[in-house]
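As structure tokens, the structure follows; a few thoughts come after it.
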Amino acid sequence: MSRLSLVLILVAGLFATALAGPATFADKNPIRQVVFPDELENGILQVVGQTRSALSFARFAIRHRKRYDSVEEIKQRFEIFLDNLKMIRSHNRKGLSYKLGINEFTDLTWDEFRKHKLGASQNCSATTKGNLKLTNVVLPETKDWRKDGIVSPVKAQGKCGSCWTFSTTGALEAAYAQAFGKGISLSEQQLVDCAGAFNNFGCNGGLPSQAFEYIKFNGGLDTEEAYPYTGKNGICKFSQANIGVKVISSVNITLGAEYELKYAVALVRPVSVAFEVVKGFKQYKSGVYASTECGDTPMDVNHAVLAVGYGVENGTPYWLIKNSWGADWGEDGYFKMEMGKNMCGVATCASYPIVA
């Protein structure tokens with residue numbers, strides 16, 4: 001093996017170990033004293049070259065605490081990063097209503113991303129006729145429930161297709177704050193581990209509407225503190241002593257009825273929704289998202305989120321939606337989606353709970 005190969009392997013090893021965080025080093029370990037972000041940056045550049053794109057990749061890897069196990073993986077991830085960067089730049093030159101940008105998913109292929117981040121069950125058993133009761137009232141031009149203080153902080157689902165659990169807890173946390181005047185964090189992990197009998201599949205997908213039915217039948221949902229998130233399928237550990245919220249019933253929006261969804265978001269509270277994520281969406285950065293590539297049927301939707309408001313940007317009406325990919329993604333963990341066309345099926349599988 002050449003000396004250069006040995007150096008590159010050492011660089012890769014230092015890179016992976018250092019990004020694991022200081023807790024992985026003993027204080028007496030001399031490596032901890034010399035490995036800093038600028039040194040890691042230089043180490044990556046030794047592997048992938050000295051181009052501007054290589055520098056972007058090095059800084060991306062450091063910012064997002066990436067862990068690569070070998071020189072070969074660094075090279076592979078750099079190539080994927082370049083492909084995504086090319087797509088980002090090509091899109092942003094078109095002057096469309098939304099921008100793409102580098103985020104923690106830029107070193108992932110679409111197949112890798114889809115495996116770990118999408119999880120709303122297809123064929124969501126949407127309600128042909130919902131049970132929301134409408135009245136003759138003029139809806140406000142804009143709404144943002146964050147301003148009312150009932151929307152809980154953005155969470156991150158990790159490498160688990162549990163988006164449906166975060167949509168569920170987001171709706172419940174908002175309903176709880178609205179009803180009782182204080183915040184609460186509820187257990188996604190209980191839904192992952194315990195709600196399988198209600199046509200949910202843990203890290204392999206599920207639906208908020210079915211989760212509401214499970215919680216109603218089960219008698220409640222534990223708090224996050226009592227039943228913390230692991231991001232893996234596990235054995236059910238529900239404890240009645242740790243219940244944070246109970247569900248009395250839920251309200252379903254008629255399939256594809258955006259006015260009903262708008263009515264509920266405007267006058268009731270945040271609503272769990274699902275839509276189809278297609279390839280470019282993972283790099284969303286800002287603006288009003290729209291796509292001609294996504295579908296809008298119950299068989300198309302693959303990601304559950306939480307509609308927390310709506311508005312108008314540059315003349316385009318939009319939904320304001322809370323995601324579960326962390327606060328560094330999109331607009332502080334949120335995105336805007338074009339309203340009025342049932343874009344990507346946003347009003348296809350919508351529901352919200354009534355809590356006690």
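Cβ coordinates come from backbone N, Cα and C, glycine included.
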Cys160 - recorded disulfide partner, Swiss-Prot, among Cys124, Cys203, Cys236, Cys294: Cys203
Recorded disulfide counterpart of Cys344 (Swiss-Prot; options Cys294, Cys349): Cys294
Disulfide-bonded cysteine for Cys236 as listed in Swiss-Prot, from Cys163, Cys194: Cys194
Per Swiss-Prot, the candidate from Asn123, Asn314 carrying the annotation N-linked glycosylation site: Asn123
Residue with minimal Cβ packing [other Cβ atoms within 10 Å] among the recorded positions Cys163, Cys203: Cys203
Cys160 (disulfide bond) - helix vs strand vs coil (DSSP): coil
Number of Cβ atoms other than its own within 10 Å, given for Cys294 (disulfide bond): 20
Cβ neighbour count (within 10 Å, all chains shown) around Cys236 (disulfide bond): 13
Which listed residue (Asn252, Asn323) has most other Cβ within 10 Å, given these are recorded positions: Asn323
